[in-house]
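Inspection log for the structure reproduced underneath, given as structure tokens.
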Amino acid sequence: MPISKDKLILILGMVCLEQGHSETLSSIRNPDCGQSLVKPQPQNYFSLFSRIVGGSQVEKGSYPWQVSLKQKQKHICGGTIISSQWVITAAHCMANRNIALTLNVTAGEHDLSQAEPGEQTLAIETIIIHPQFSTRKPMIYDIALLKMAGTFQFGQFVRPVCLPEPGEHFNAGFICTTAGWGRLSEGGRLPQVLQQVNLPILTQEECEAVLLTLKNPITGKTFLCTGSPDGGRDACQGDSGGSLMCQNRKGAWTLAGVTSWGLGCGRSWRNNARKKEQGSPGIFTDLRRVLPWILKHIQTGHRRKSTKALCSEPDGLISGSEGELHFPESLHLYYESKQLCVWTFLVPEDMHMLLNLSHLDIESCHHNYLAMYSLEDRLVGKFCGENLPSSILIGSSSIRLRFISDATDYATGFNLTYKALKPRYHPDSGCRSLTILFEEGTIQSLHYPEDYSNMASCTWIFQAPNYCLIKLSFQSLEIEENGDCSSDYVTVHSDVEKEKEIARFCDYVIPSPVLSSSSVMLISFQSDENGTARGFQADISFISRADLNISISEDESVPLETWDLPPGAMEIFDAERDTHTKPPYEEDIGEMPAIDSGLLKQGERRGKH
């Protein structure tokens, strides 16, 4: 049974340290990091047990690295300055892109109800969410980096916190501090002035034991907990993304965690297993797992450069019988934000083209992608993610690639090779590579008229002119008989999402012709591990809608085309359904097919599990 949303409150998650990065870290560390001009109050028993939930106000300037992430001047989440351009926050604060892309970051903030001297507000240029974060398990790797569109000017009220040094860690029992503008009690009011609370770190064994008592137990090796079994002090809603900070031996404040989550606010977890209303410690994600990731991005963010070739010349031409393209020029570089790069590939006339991607690292298809066009500027598909697709056979002598990136993410781009092939099209080519064709033709199963092999997987995409529909006519059909056509079968879709299946065939009876409902038809053939037969052969023809007396509305939407995707491998763009903000330089290119970068391993299919 999942934890109900009103009980699971995302508020706390820790970052600790991995050894072996002293030179790297010292090269980027600000010598004035972790320095506050406000002396901390002496700790006693009562100040130790103060809390944000009903806790104490912070004197202005006490934690100059604390920032407020705001949407239309309303506080949404906290964050922590680690350099003049970089802020750390919680990944779950950035999970909703519609909100994330509208946020501004205010440093030097103290009282939310008024503008104060020393405040600085910057827009966000780049959002980088940890790759292992998932909204389905938001307590894992709940961390994100924000690159500012500008730089903070350091002074009395704006300074960076320190990142931990190699070998530096804070043992169980160490008292650390978290601050924020979160609720003063569970379900209570929001403060206007920054609050703080001191929290002891728990042992790993106690942390794991408490989490296993929950009705929906939580496990993982990334956790570190804070708090007291009797509760009473905690972070709460609105504190997400803020800092858990500890003073090191030199007195400098060091970032030990990022406010992420907890069960309730300040609840007791003593005798938790027998309680109806359970509680949890404040949970932190182990920084030893994410510090190298942080360092990689804040370093490369200062020096990364994409290739200048062709990006400044949108109609850049690459011609010849074969060649390659690396973008950026080195795998160790990252592509820049706000890019619009266009390449036109030309192989000799009357030749076709085979593309192979040897490297692919492009963020979400909503914001960063490589789009492919062919024949009269017609879109073939778009690529993103990290899983490499099979080779792609294009029935054309020219192709245009357009790469677009926005200001939210970056990655290492792509490498591809191209080669001209004589247009000796084989009807079973869809079993050797993803085959995209723009002309009528014949298709057949692998080895036809001999028996097809076990675990075969074949895919053809036909794209007719917009004024045409596509007709599939079988010449023969001999596929292993099974009652529901779930073992060996041919499927026909009028969209590449495979959401609009218009036919499914098996058995030994030649069916009637199939007519698509759009100018796109995807045909796939699959076989399982048991039994084979002769297979099939079919003809593809284009039929004018006018000949069929079918009218076309100017507002008619061509179905979005894509494949079923492994989770996280690709995303789908749909101009009507997409709620994300378009990249700054993205053109309105209408309905787009999205190419699956992980699914199309032609010729062999894995068994069912």
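In case you wondered, yes, glycine gets a Cβ from its N, Cα and C as well.
Straight from Swiss-Prot, the features:
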| type | residues | note |
| --- | --- | --- |
| SIGNAL | 1-22 | signal peptide |
| DOMAIN | 52-299 | domain 'Peptidase S1' |
| DISULFID | Cys77-Cys93 | disulfide bond |
| ACT_SITE | His92 | active site, charge relay system |
| CARBOHYD | Asn104 | N-linked glycosylation site |
| BINDING | Glu119 | Ca(2+) binding site |
| ACT_SITE | Asp142 | active site, charge relay system |
| DISULFID | Cys176-Cys246 | disulfide bond |
| DISULFID | Cys207-Cys225 | disulfide bond |
| DISULFID | Cys236-Cys265 | disulfide bond |
| ACT_SITE | Ser240 | active site, charge relay system |
| DISULFID | Cys311-Cys341 | disulfide bond |
| CARBOHYD | Asn356 | N-linked glycosylation site |
| DISULFID | Cys365-Cys384 | disulfide bond |
| CARBOHYD | Asn415 | N-linked glycosylation site |
| DISULFID | Cys431-Cys458 | disulfide bond |
| DOMAIN | 431-543 | domain 'CUB 2' |
| DISULFID | Cys485-Cys506 | disulfide bond |
| CARBOHYD | Asn530 | N-linked glycosylation site |
| CARBOHYD | Asn549 | N-linked glycosylation site |
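Sequence features, as recorded in Swiss-Prot, placed on the structure.
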residue: His92; record: active site, charge relay system; CB count, 10 Å: 23
residue: Cys93; record: disulfide bond; CB count, 10 Å: 26
residue: Cys176; record: disulfide bond; CB count, 10 Å: 22
residue: Cys225; record: disulfide bond; CB count, 10 Å: 26
residue: Ser240; record: active site, charge relay system; CB count, 10 Å: 29
residue: Cys341; record: disulfide bond; CB count, 10 Å: 24
residue: Asn356; record: N-linked glycosylation site; CB count, 10 Å: 16
residue: Cys365; record: disulfide bond; CB count, 10 Å: 25
residue: Cys458; record: disulfide bond; CB count, 10 Å: 27
residue: Cys485; record: disulfide bond; CB count, 10 Å: 17
Alpha-carbon distance [Cys246 (disulfide bond); Asn415 (N-linked glycosylation site)] in Å: 44
Cys506 (disulfide bond) versus recorded positions Glu119, Asp142, Ser240 - nearest by Cα: Asp142
Secondary structure content, the domain 'CUB 2' (431-543) (per DSSP, counts of residues): 1 helix, 56 strand, 56 coil
Inter-residue C-alpha distance, Cys485 (disulfide bond) and His92 (active site, charge relay system) (nearest angstrom): 43
Candidate disulfide-bonded residues Cys77, Cys93, Cys458, pick with smallest Cα gap to Asn356 (N-linked glycosylation site): Cys458
Under 8 Å by Cβ from Asn104 (N-linked glycosylation site), same chain, sequence gap 6 or more: Leu69, Lys70, Gln71, Thr121, Leu122, Ala123, Ile124
Ser240 (active site, charge relay system) versus recorded positions Cys77, Glu119, Cys365, Asn530 - nearest by Cα: Cys77
For the glycosylation sites Asn415, Asn530, the one whose C-beta sees the most other C-beta atoms within 10 angstroms: Asn415
Recorded positions listed as Glu119, Asp142, least Cβ neighbours within 10 Å: Glu119
Three-class DSSP secondary structure - Asn104 (N-linked glycosylation site): strand
Surrounding CB atoms that lie within 10 Å of the CB of Cys207 (disulfide bond), all protein chains: 21
Proximal residue to Cys458 (disulfide bond) among disulfide-bonded residues Cys225, Cys365, Cys384 (C-alpha distance): Cys384
Candidate recorded positions Cys93, Cys225, Cys431, Asn530, pick with smallest Cα gap to Cys365 (disulfide bond): Cys93
